[in-house]
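Quick look at what Swiss-Prot annotates:
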- Arg24, Glu85, Lys128, Lys466: (6S)-5-formyl-5,6,7,8-tetrahydrofolate binding site (BINDING)
- 234-239, 253-259, 278-281: GTP binding site (BINDING)
- Asn234, Thr253, Ile255, Thr258: K(+) binding site (BINDING)
- Ser238, Thr259: Mg(2+) binding site (BINDING)
- 224-384: domain 'TrmE-type G' (DOMAIN)
Amino acid sequence: MTFDSSPIAAIATAPGRGGIGVVRISGKDLSSVMRAVCGADKGSSLQARHATYLDFVNSDGSVIDQGLAIYFKAPHSYTGEDVLELQGHGGPVVLQMLLTRCLEAGADIGLRMAEPGEFTHRAFLNDKLDLAQAEGVIDLIEASTEAAAKSATQSLSGAFSKTIQELVDKITNLRMLVEATLDFPEEEIDFLEKSDARGQLTNIREALQRVFSQAAQGALLRDGLNIVLAGQPNVGKSSLLNALAGSDVAIVTPIAGTTRDKVIETIQIEGIPVNVIDTAGIRDAADAGDEVERIGIERTWAAVQTADVIVHMLDASRGPTRADEQITERFPANVPVMRVWNKIDLSGHRPAIDRMPDATHIYLSATGLLGMDLLRTELLHLVGWQQTGESLYLARERHLVALKSAHSHLEMAAQHAAHDNEATDPALDLFAEELRLAQERLSSITGEFTSDDLLGVIFSRFCIGK
């Protein structure tokens, strides 16, 4: 994202009709816009951080709307620049009229429409928030569960950034000791031994591992899970979807091939959004009823490739078949598989869970709602979810990659530090370099070392008024 410092404006509230709508303007000097849109008298006397009720007017003096004008003087604003917020009625037509008027009034100062995320980008550039906090803004807006919203607030408030910065500071202090040993080899003081550098490194590695665990758990809250129900026709996939959803979202009949296409329902399990994907029953193309069913089976296999967990449905009342084995053989090797034996009300089994070397086996009845809690718990167990009670960070993939990379560099540093090095030993230089790289990887999370291309991708995901 190329930075253009000219003033920007946009509608800051969501599209559609609402009780209140907001037009937001940010720039270095907005006095001419305030006078033009809010009237010469009131527009010239707006007090910072005070709400003033007034008319929003056209160039000919006609009233566009009535509402509140709030002026935030730099640097005490969201963006760190002068900000004017005009709060009027939330109709899309009147808001567009007000925005058009603002752009017209600000033409002489170069006022233009904001790009997506540009207000938050300016807040980042003006040190009002760091990159992890900026991502917390969009994560809070997009949160689909209460747990995800709470975790996003942790990032937005700076808790995640503070934790990362504490790790960076510890690595920096350790680097200073190593650099001192390298720079002053003639000194009799062993800086590394005296300060227990190896012990410090161990503590940093353990702390980083804890942060990664919290971030990985938070990533589940943010991204959710895709659970694909797959198996032969009439083994109870649609019944299981209905049982998980708590309503009849899928049609259930005794007729093989009833489900022709994917049926997706999003549920919550312990605050994690879970997309449960019911699919067409898998059988040989020669046995498929028609072309529509054959296409449905092809889409089943496509869905299986995108799954976080595959739930292989089987009929407990008839036991395993060769067709079940053939389906198993086609599952991706890198995706966890759970074998769910349905219809235990007909087989005489009790609800149970059996963790076998090949897969976890669960015995339940979808129609009788027996063993459903076992299924929910095991789904989260398979993807590493642990209800620890600790605060979680709504981490993104780039955060996890940076944390993993930093941990790898610290592991390498530990290997170099394991030797009793003299100050001239090349391993000590490598020790210092690995610490530097770990520090750099962690700093990329908060945006201290981040490319312009990455910034463009991150902020482009925001809505225009944010």
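Every residue gets a Cβ built from N, Cα and C, even glycine.
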Compare the Cα of Ala280 (GTP binding site) against each of the binding-site residues Arg24, Glu85, Lys128, Ser238 and report the nearest.
-> Ser238
Residue, out of the binding-site residues Asn234, Ser238, whose Cβ gathers the largest set of other Cβ atoms within 10 Å = Ser238
Binding-site residues compared (Arg24, Glu85, Lys237, Ala280) - highest count of Cβ atoms within 10 Å = Lys237
According to DSSP, Arg24 ((6S)-5-formyl-5,6,7,8-tetrahydrofolate binding site) sits in strand
Give me the Cα-Cα distance between Asn234 (GTP binding site) and Lys128 ((6S)-5-formyl-5,6,7,8-tetrahydrofolate binding site), rounded to a whole Å.
-> 57
Mean pLDDT over the domain 'TrmE-type G' (224-384): what is the value?
-> 86
Note down the number of other Cβ atoms within 10 Å of the Cβ of Lys128 ((6S)-5-formyl-5,6,7,8-tetrahydrofolate binding site), including every protein chain shown.
-> 18
For Ala280 (GTP binding site), name the DSSP secondary structure in the helix/strand/coil scheme.
-> coil
Three-state secondary structure, which DSSP defines for Glu85 ((6S)-5-formyl-5,6,7,8-tetrahydrofolate binding site) | strand
